[in-house]
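Chemist: Please see the structure below; I have some questions.
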Amino acid sequence: MLLTILNLCIVVMLSANTIEVGKDRRGGTLRQAVSLAKSGDTILLYPGVYNEGNIIISRSLHLLGIGSPVLDGELKNELLTLSGHGIVVKGITFRNAGYSSMNDFAAIKVIDATGVRIENNTIENSSFAIHFANSTLSVIRGNTIRGNNKSEHSSGNGIHLWKCSQMLVENNSIEGHRDGIYFEFVTFSVIVQNRSERNIRYGLHFMFSNDDHYEANVFRNNGAGVAVMFSKKVTMVNNHFEENWGAAAYGILLKEIKEGTIIRNTFLKNTVGIFMEGSSRLLIEKNNFRNNGWAVKVQASCDENDFGFNNFFGNSFDISTNGTMMLNRFYSNYWDRYEGYDLDRDGVGDVPFHPVSMYGMIIENNPTTLILLRSFMVSLLDKAEKAIPSLTPENLIDDKPVIKPNRL
Amino acid sequence: MLKLTRYVLYDIIRSRVVLAYAVFLLLVSLSLFNLEDNPSKAILSLLNIVLIVVPLISMIFTTIHYYNSYEFIELMLSQPLSRTRILLSEYAGVAISMITAFLIGIGIPVLIYVPDAVGATLVLTGCGLTLVFTSIAFLASVKARDKARGIGSVLLLWFYFSLIYDGLVLLILFSLSDYPMEKFTLLLAALNPVDLGRISIMLKLDVSALMGYTGALYKEFFGSNAGVLFTSAMMVLWTAVPLWTALLVFRKKDL
């Protein structure tokens, strides 16, 4: 009995073949190799340029590139289409995947799959780079994705996940796509240590995706920053949101977000650091807001959000809002504009701080008045409003502003 | 003319007011840079000095100097010298001494602590404002009959340029808020040298805020090379037109 099992194991192990594809190798073309390979086989792809059109893998194969072979789609085809389980694609350069206005052609498309690993690939000049649909438990790691698309409608997303669960997106670098990373109906997934830069629209775009976690990513110089919309229980830790400049560019745009956490992030030189609309029960703690136009814009439709232990340095406006209603809490933040005193020397200012300035309210009503920024007139108005508050929301105050910046 | 300017300069230095002005500016900027741990915050405070104190002192000093050297001017007029040359040498003397004081008081500390585009813009703006307000003050003092009237009108002008004008702009922007006002505000800003100076510094300081909404338009306009040229040209106009008018008035004035 034992011997039979052992024999079976050996048979299985022996049947996991390795097929070599490349110039002077016996495996023939990549298409032939894929159609011949059995489940569990490994295909080694040797250096060279392969123009073999769309290759479909539906068995659990390992496709490994040796010395970065190139799959070229000649701007006509989708390159790899994967479906099934346990497929690995590693170390391959994908180039010139096609564009179609009917289909979402991608360099690597994964449909109805589980346990797929896409690692250390380079994807250049494609509309969609990595496209997952209806998949679970997969890993996208260490890929370098460079698009060079000019307009929003003719371009796709770098890493596009639709209806997935338990995914890991780690250590990828994405540039020049429509959205760097796009999540729609993706749950229980993790995005770690990615760099998303210079994308036409959002660096990260989140829709209807609950219970996700993103940590230590860098989102820089994207057309509109990062958007997180219609999601619950999203945690964002240690991310950098930098230099997202423009009329509609935000470090993060939060729309209809519930019960999320935003901790220890850095917002540097964005037109707006955080823009919140219809969001509630968020915990926004220990973030650094530095040199932004507006550090935080809280619309009056937000409620029960907690802003605590954040540091505000050198922002043109700290907080701005569009109404007099304010149902959020501000506590123990450091504001570089705070002019109060601390008589008992417990590190907490004795006078509450009003982070919304009169001029901030004026600009909200009439954006053209931005031309008066930093004028004597405006500082007089702000001083007058501070003495006798009438226009700014009276309950938007930090009762316990700290005197020294919070250590993060 | 150079000889005359030299006499004017010598006279100004002997009075020590300009020296006090330079020392005052130097003390303010040094203490600001040493108090604030972040030089960009000190730049913000210096911005207020440049936009408010520099025009005020330039105007008041010019007016007082003009009336104090009235007898000297009369003496010169008895010589075979043209009135234009006399007034121009007076202007050159005052402007050179004020700019030197400004460069010593604010220029040197700024270029030591923040030697970047913001610092350079601040110093250039300060020099420009000094020239503009010295020339406006010459016009006011040539026109006014006595010292009290001269200083009064100069104070009023300062008040108008640094405060009332912005209030008027705010009023106009609010009462016409239903109309597209972006282009019009550009024109409004050009009509006040203080606003022009403030905007050119602001473009370097608050780039992130200016990229939002209408700000992008302002940045596009004032931040481009054409905008820099436009700002400089407006500053030159603001210097030349009052000075030229002052010359016209002075030439025909019954002294």
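Glycine is no exception: its Cβ is also placed from the backbone N, Cα and C atoms.
Those TrEMBL annotations? Automatic predictions, nothing curated.
So TrEMBL has the following annotated:
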type     : residues  : note
TRANSMEM : B:12-33   : transmembrane segment
TRANSMEM : B:45-67   : transmembrane segment
TRANSMEM : B:88-114  : transmembrane segment
TRANSMEM : B:120-142 : transmembrane segment
TRANSMEM : B:154-176 : transmembrane segment
TRANSMEM : B:228-250 : transmembrane segment
Chemist: With Cβ distances under 8 Å as the criterion, find the stretch in B:12-33, B:120-142, B:228-250 that has the most pairs with the transmembrane segment (B:45-67).
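Modeler: Comparing B:12-33, B:120-142, B:228-250: B:120-142 has the most Cβ pairs near the transmembrane segment (B:45-67).
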Chemist: Mind pulling out the one from B:12-33, B:120-142, B:154-176, B:228-250 with the most Cβ pairs under 8 angstroms to the transmembrane segment (B:88-114)?
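Modeler: Per the Cβ under 8 Å count, B:12-33.
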Chemist: Could you pull out which residues elsewhere in the chain have a CB under 8 Å from any CB of the transmembrane segment (B:228-250), counting only those six or more residues past its ends?
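Modeler: Contacts with the transmembrane segment (B:228-250): 83-84, 87-88, 91, 128, 131-132, 135-136, 138-139, 142-143, 190, 193, 196-197, 199-200, 221-222.
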Chemist: Are there 3 or more C-beta pairs under 8 Å linking the transmembrane segment (B:154-176) with the transmembrane segment (B:120-142), counting only pairs at least 6 apart in sequence?
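Modeler: In contact, yes.
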